[in-house]
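Have a look at the structure below before the remarks.
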Amino acid sequence: MIDRYKHQQLRIGSVSPQQITAWANKILPNGEIVGEVTKPYTFHYKTNKPEKDGLFCERIFGPIKSGICACGNYRVIGDEKEDPKFCEQCGVEFVDSRIRRYQMGYIKLACPVTHVWYLKRLPSYIANLLDKPLKELEGLVYCDVYPNFSFARPIAKKPTFLRLRGSFEYEIQSWKYSIPLFFTTQGFDTFRNREISTGAGAIREQLADPDLRTITDHSLVEWKELGEKGSTGNEWEDRKIGRRKDFLVRRLELAKNLIRTNVEPEWMVLRLLPVLPPELRPIIQIDGGKPMSSDINELYRRVIYRNNTLTDPLTTSRSTPGESVMCQEKLVQEAVDTLLDNGIRGQPMKDGHNKVYKSFSDVIEGKEGRFRETLLGKRVDYSGRSVIVVGPSLSLHRCGLPREIAIELFQTFVIRGLIRQHVASNIGIAKSKIREKEPIVWEILQEVMQGHPVLLNRAPTLHRLGIQAFQPILVEGRAICLHPLVRKGFNADFDGDQMAVHVPLSLEAQAEACLLMFSHMNLLSPTIGDPISVPTQDMLIGLYVLTIGNRRGICANRYNPCNCRNDNDQNETVDDNNYKYTKEKEPYFCSSYDALGAYRQKRIHLDSPLWLRWRLDQRVIASREVPIEVQYESSGTHHEIYGHYLIVRSVKKEILCIYIRTTVGHISFYREIEEAIQGFCRAYSYGT
């Protein structure tokens, strides 16, 4: 059985043929090695038992029932006194049946087969490493142009019968008609296997030939040479050089990744095809006793059928035309491609009911795949899920948690709090108080949540910002409230998206959440370093409306705040708040508090222009700006009115005070930014 504490991580990558055989092979007491699947059969139609050496063989994958072999004998599992561990008649091991969930097998392919993920996916890894056009490689692998030997090479390092010292071009006219006639003669396969390698075998030889460090060195040298040339003056040539440099960068990165992960390039060409454990591709019986099988079983059967058809002429002494052999190799290649990724080469393969087969790629990829739905999407303890809505009044590091979710997630902590405060004597009474929703329950819940962060996650978690920590607060309703600035990190929208909430239990997890995962500590993109918490959509519209003001300008609505001397004017009112308000003219205020107070009392509007007394800051004054109007008073003071500010000067032309022309929206926005900066400075000084 798999030890869950031993295997703490999962890594996906290429493996060597030796590793595949190590996963699958088992040695029986009689010395026989089992693990290779050679027959395309599943269950016997009469006995309903797995066929020997088939896709569900009990010798290869383990018993269907724990401790019971194919003969029906029983042994106690784990008893060291029980001997032998294998059945001497059928060769089935006496182990737990759960071994069929992870015990693998393999198919020994009669010819090398390229892995379609590395050949057809863009960018093509094989084409990048070999520096060959993808169409040329496809023509070689799938024999689209028969016989395509433009990439064939001698197997032996020394000259052979054909005096081939390297690859030769099929396009040469002298070869064009003689090669097809020669390679369709009897005994071609024996001669071909001795002289040259073709198809996927040729690609495998090419991938195994160069050293990865040599590839990196040559690519780096060529990239530097192209960079030193500079512009040629020809736009088409410059684009060609740019594409070549981009290709060299991709090739260099690929070679470095292969070196770092200890992956050999020739592993991209398969000689052994792993067979999934039977429990991951089951055959079940539905109503009426009709069997229903996974599509992968049918695709495996197709591979085995075609592989056995190719193995027969290669292992026997019968002479087979080379064209027939290469055609059968193409069928094996296409069968393996369909198993790994159905439809990657065009039209997908369908069954008799015109239904597309689900290949291995279809099983693992997408929202309903093995990883996102079965492994990452499974329910866990101390977690909840709900729709997210905007919480504009929240701080960046806070989230609003519905009471219904919060009381379930923190129920154990609330129970402990009720017992510690002697409100409940045992767990049962504490649970009853929680069900009755007594006021003391919410008070204890508030205390528990105050120092306990929660983790919010939105699938798919494609980067580290897909899961962040927040300080929860209780909110009404059934939706999770979220600050709009953290939306981009989750790649979420407030149009019905759902997010999961998790409670970190251990002290280590809580410390990691507080120190590394809080949203206000992840303001920059981890990939490119750009700010990721930036206002978008509704926030930009709100800021625009808040700061748009009255765009008519002072010339359109001319006002002098000091020119109101008629106390009997019915349009003018003066109160004790140190501001003068005129219904027809722009009011002026001594402080921002007075302006906001007037707005709350609905005496002015959000975008109404006003004059606000400002500190004597020379940065407000433009040195070259000419006043629109200058007004003098009998006392000798005068007022210089500009487009966006007003200066009151004394007789000696000294600045007495400055008024700026603004709106309540601008004042509110400025105060919010100022408070945020001051709070950040205090937090920074406290941390240092």
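Our numbering is plain: 1 for the first residue shown, then up by one each step along the chain.
Placed from the backbone N, Cα and C atoms, the Cβ positions cover glycine too.
These come from Swiss-Prot:
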BINDING   C69, C71, C87, C90  Zn(2+) binding site
BINDING   D493, D495, D497  Mg(2+) binding site
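Here the features listed in Swiss-Prot are painted onto the structure.
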residue : record              : CB count, 10 Å
C69     : Zn(2+) binding site : 22
C71     : Zn(2+) binding site : 12
C87     : Zn(2+) binding site : 22
C90     : Zn(2+) binding site : 15
D493    : Mg(2+) binding site : 10
D495    : Mg(2+) binding site : 7
D497    : Mg(2+) binding site : 16
Residue from C69, C71, C87, C90 whose C-alpha is spatially nearest that of D497 (Mg(2+) binding site), among the binding-site residues: C69
Integer Å distance between the CA atoms belonging to D493 (Mg(2+) binding site) and C69 (Zn(2+) binding site): 55
Rounded Cα-Cα span from D493 (Mg(2+) binding site) to C71 (Zn(2+) binding site), Å: 59
C90 (Zn(2+) binding site) to D495 (Mg(2+) binding site) - Cα separation in whole Å: 60
Whole-number Å value for how far C87 (Zn(2+) binding site) lies from D495 (Mg(2+) binding site) (Cα to Cα): 61
Between C87 (Zn(2+) binding site) and D493 (Mg(2+) binding site), the C-alpha gap once rounded to whole angstrom: 60
Additional residues surrounding Mg(2+), by Cβ distance to the D493, D495, D497 centre under 8 Å: I388, A492, F494, G496
